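**Student:** My structure is below; once you've seen it, I'll send some questions.
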Amino acid sequence: MQAIKGTRDLLPPETALWNRVEQTAQEVFTSYGFGEIRLPIFEATDLFARSIGLETDVVSKEMYTFVDRDETSVSLRPEATASVCRAYIEDGMQQLPQPVKLYTIGPMFRRERPQKGRYRQFYQIDAEVLGGSDAPGIDGELIEMVMTFFERLGLQGVQLEINSIGDKECRPKYVELLRAELRKVKDKLGPDSQRRMETNPLRVLDSKLENEQKLIEGMPHIADHLCEGCAENYLGVKRELELRGVKYGENWRLVRGLDYYSRTTFEITAKGLGSQNAVCGGGRYDGLMELLGGPPTQATGFAIGEDRLILSLQEIGKTPAPPRRDVYIAWMGTRVYATAIRAAKSLRAAGFSVELPPIEQKFGKALGQADKLGARYALILGDNEVSSGEWTVKTLADGTQQKLTEPQLLDFLRKL
Ligand code: AMP
């Protein structure tokens, strides 16, 4: 049997790195006042259809959707923001002091073509700020937080790009202008862009096709078509980043694939990832909550691709040590086994990692095994040791041995 294409097993020691990343996220996000939300893995298909939009690739061809036994259509979640908003409305979070700051970590599912850094089950670390206002300070602090997180992890080659895509007042006018300009060069565009030009012209700006680049560069820039409120907001966000010492570049073609964004959008790339180099995407989505039947609620957030974050950390040599084993208990004799079990229990309770072989082995073989596992010490227990209460402790790095009582052994290990 094989795992399904685009899914994979995460194994030790790599999982230690996953844990460290998630723990660091929890620490950093907590210091910014975020609390954790845990969400269902599957939701009503309609939630994603309404929020992400029917014309997006994610909804139209990448979701894992099935009809449940009661005839309702459900989907594995392709992202977390829609669920966070549903929860905000359903759980009455508008009654709480605003804004509500939430993060969540878990698997997402999209039927994309698998390649390095792109999977069908992948993991996101997601943070959302819901309610309150659209003050640029909220976007500024959110971006500062993710940059702090990356810095804490030692991620390298981190680059932040920002843009504003306007709001429901100015964006439609720009989109029409863009569509009109694209239509003029329609014949020179590929089939994907020709289609997107009609369904969602902003997506054409995402195109990576070599022969379309020159044409796209000549298109009108949204920054020149923002309404007064959006222009002021964008300036405010840039000022916030400067105040916080966060370096950024501007990219007028950064529009994000999902439909519900407004105003600030941002993307962060990192080193060592090849073509799939985006580790985080985010932005403001003031219109989404209403779209889902909630009260008007300003909101902003980001999603980090955890798989890519880990890949990038591995590329720069941040590989975790194999599982630690402090003590390997080499025991011989049925009477001794009871003592070995008790010793393992008390050493583990004191916080040490202990390997207790379940079957009796000759001391030579046991010590070989201890070496292979990279244990630091072997505790040698035979009849003599149990009778005298003096245990033999061997330091595997240099082969030295000493005799210690149980309390002395604990002291000895603690001092290291
Ligand atoms: P999105 O939800 O599309 O804005 O994506 C946010 C981040 O999730 C991206 O910047 C990627 O790092 C990550 N991501 C999205 N799709 C995938 C995928 N299929 N495999 C791995 N990571 C992904």
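From the backbone N, Cα and C atoms, a Cβ is placed for every residue, glycine too.
What TrEMBL records for this protein is below:
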type	residues	note
DOMAIN	1-322	domain 'Aminoacyl-transfer RNA synthetases class-II family profile'
BINDING	Glu79, Ala80, Thr81, Arg110, Gln124, Glu128, Arg256, Tyr260, Tyr261	L-histidine binding site
**Student:** With respect to ligand 1, which members of the binding-site residues Glu79, Thr81, Tyr261 satisfy a Cβ distance under 6 angstroms to one of its atoms?
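**Tutor:** Result: Glu79.
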**Student:** Taking the Cβ of Arg256 (L-histidine binding site) as the reference point, list residues of the same chain whose Cβ is under 8 angstroms away and which are at least six residues distant in sequence.
**Tutor:** Ile165, Thr265, Glu267, Gly281, Gly283
**Student:** Under a three-state reading of DSSP, tell me whether Tyr261 (L-histidine binding site) is helix, strand or coil.
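**Tutor:** In three-state terms, Tyr261 (L-histidine binding site) counts as coil.
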**Student:** Considering each pair of residues in Glu79, Ala80, Thr81, Arg110, Gln124, Glu128, Arg256, Tyr260, Tyr261, all listed as binding L-histidine, report the largest CA to CA distance in Å, no decimals.
**Tutor:** 21
**Student:** Neighbour count, 10 Å Cβ-Cβ cut-off, for Glu79 (L-histidine binding site): what number do you get?
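**Tutor:** Here the count is 20.
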**Student:** Using a 10 Å cut-off, grab the number of neighbouring Cβ atoms around the Cβ of Tyr261 (L-histidine binding site), all chains included.
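**Tutor:** There are 25 such Cβ atoms around Tyr261 (L-histidine binding site).
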**Student:** Can you give me the average pLDDT across the domain 'Aminoacyl-transfer RNA synthetases class-II family profile' (1-322), rounded to a whole number?
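**Tutor:** Summarising the domain 'Aminoacyl-transfer RNA synthetases class-II family profile' (1-322) by its mean pLDDT gives 94.
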